[in-house]
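Colleague: Handing you a structure now.
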2 protein chains.
Amino acid sequence: MILIKIGGSVFSNKAGEAENFDTETVRRIAGEIAEFYPNEEFIVVHGGGSFGHYHASEHAIRDGLSGNWEADQGKRRGFSLTHQSMLRANARFIDIFLSQNLPAFSVSTSSIFLTERGEIIYADIEVIERLLELDFVPILFGDVAVDVAQGIDILSGDQIMAYLTKMLRPKKAVFLMDVDGIYDGKPGEGTLIQELARDEVPSLLDRLNCTASGTDVTGGICNKLRKAYEMANYSEVWFVNGKIPGRLAGAIRGDGFGTRLR
Amino acid sequence: MILIKIGGSVFSNKAGEAENFDTETVRRIAGEIAEFYPNEEFIVVHGGGSFGHYHASEHAIRDGLSGNWEADQGKRRGFSLTHQSMLRANARFIDIFLSQNLPAFSVSTSSIFLTERGEIIYADIEVIERLLELDFVPILFGDVAVDVAQGIDILSGDQIMAYLTKMLRPKKAVFLMDVDGIYDGKPGEGTLIQELARDEVPSLLDRLNCTASGTDVTGGICNKLRKAYEMANYSEVWFVNGKIPGRLAGAIRGDGFGTRLR
């Protein structure tokens, strides 16, 4: 099984209008996956981009419920609207994957995961495993989540990637991004790291000033790298540019251009 | 907690155009629930009506996978499209409930249940229980399901009602239909049964010729009555007309018009 995360920035412009979606890019990505299906099994996780974000930040979902019942009614509403927005993004993925003869099936993240301050502490992946056995391509997504500590929170696609890697031990886990991989410095400025050993990650995190928490709502590159560090015990991890044709297929084959972490 | 099933025929005309939806009726139903929220907790389950049905029957989802890989690709596609259609119905419910200040939250049935020939044999309702504790109104729906016996099947809203009644023991479970309740004979012709004791159900099933399985895709009234018979051990069960204002509120209060099974 190969696990693929399609980052929000790959299929959507967060700075653009609400719920903008790059159909062409997603169709091309689905086509690259279809080259290997059904010989390989796939699970896909996508981020939010311009979906979900608006309601999540307007209602400060990351801060949890406040304890004030009336104020929390607004938060409950925002929590639900965030999920509905993510379902609309997900529906676009399902349509496009089906059009490429990939039997994608939507699994609602918030129906099966519980978090504790954004970290997964409970999950039921029975349906996902059964879908794989039946040759489906389950598609999950970054989503809201019921949180045992603060009532509600956001569960990022990167967290889901780390969890599924530990539980299901894929052959490889591929992160599609809008840059070429992990840079030793700012993306596009520093040097692209093509090969990275797991034990080099802590010092890289230091050099990237990742000791404080990230600024992106889902943690950005620092969080991704921290998660990849956990994942590398269980799977090879790739970071490749999802905007450029052939990069995903290269990662799946194993000879692609990007950052490979082992 | 009060469990409410909104039958497909209440909000949609299965014989009408694809995905037709009676917004006015659902808004009125949400309004009747809102009279009692948050003093009462609610879980809502809705059926399919003109949603889901088309893809489910075109691809004979009830028959399961065939074992022929190519033919099954069409079935996998139909399975996924059926779920997406049900998500579109569900999105309408969520919107309308939110507009009535009910913090409805979509729970994807197919993400948490497994069936064996359409009967639930596995479920994870942890998220549903947590949502109730946080004063959300979870909304589930009849859906496709991974089936351990035949790969795929349909899981009806009535089955979900029976399962949740056994597990969560609601104060009452209310079935909203497009007729006034259970009739001793054909709906509209026989006599409406206003009070029904659990031990009268087997002989009623006989009189209604329910010994063979129902003709409706989800079993219709016979299946509903069989499920209600199981449910009556754990909860009072009501059957009321969801098309007529006030009937649901009457059932919630306990003095309403319809069939009450205890």
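Just so you know, glycine gets a Cβ as well, placed from its N, Cα and C.
Nobody curates TrEMBL annotations by hand; they come from automatic prediction.
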Colleague: If I go by TrEMBL, which of A:D95, A:D153, A:D178 binds ATP at the same site as A:K5, A:I6, A:G7, A:G8, A:S9, A:G49, A:G220, A:K224?
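Modeller: That ATP site, as TrEMBL gives it, pairs A:K5, A:I6, A:G7, A:G8, A:S9, A:G49, A:G220, A:K224 with A:D178.
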Colleague: The substrate site in TrEMBL includes A:G48, A:H53. Which of A:G157, A:G181, A:G185, A:G190 is also listed there?
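Modeller: Candidate listed by TrEMBL for the same site: A:G157.
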Colleague: Could you pull the average pLDDT for the domain 'Aspartate/glutamate/uridylate kinase' (A:2-233)?
Modeller: 93
Colleague: Spatial neighbours of A:G48 (substrate binding site) among the binding-site residues A:K5, A:S9, A:D178, A:K224, defined as Cα within 10 A: which are they?
Modeller: A:S9
Colleague: Among the recorded positions listed here, A:K5, A:K14, A:H53, whose Cβ has the fewest other Cβ atoms inside 10 Å?
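Modeller: Comparing Cβ neighbour counts within 10 Å for the recorded positions A:K5, A:K14, A:H53 gives A:K14.
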Colleague: Nearest to A:K14 (site 'Transition state stabilizer') by Cα distance: which of the binding-site residues A:K5, A:G7, A:H53, A:D178, A:K224 is it?
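Modeller: Spatially nearest to A:K14 (site 'Transition state stabilizer') by Cα position is A:H53.
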Colleague: Check A:G7 (ATP binding site) against DSSP and tell me helix, strand or coil, would you?
Modeller: coil
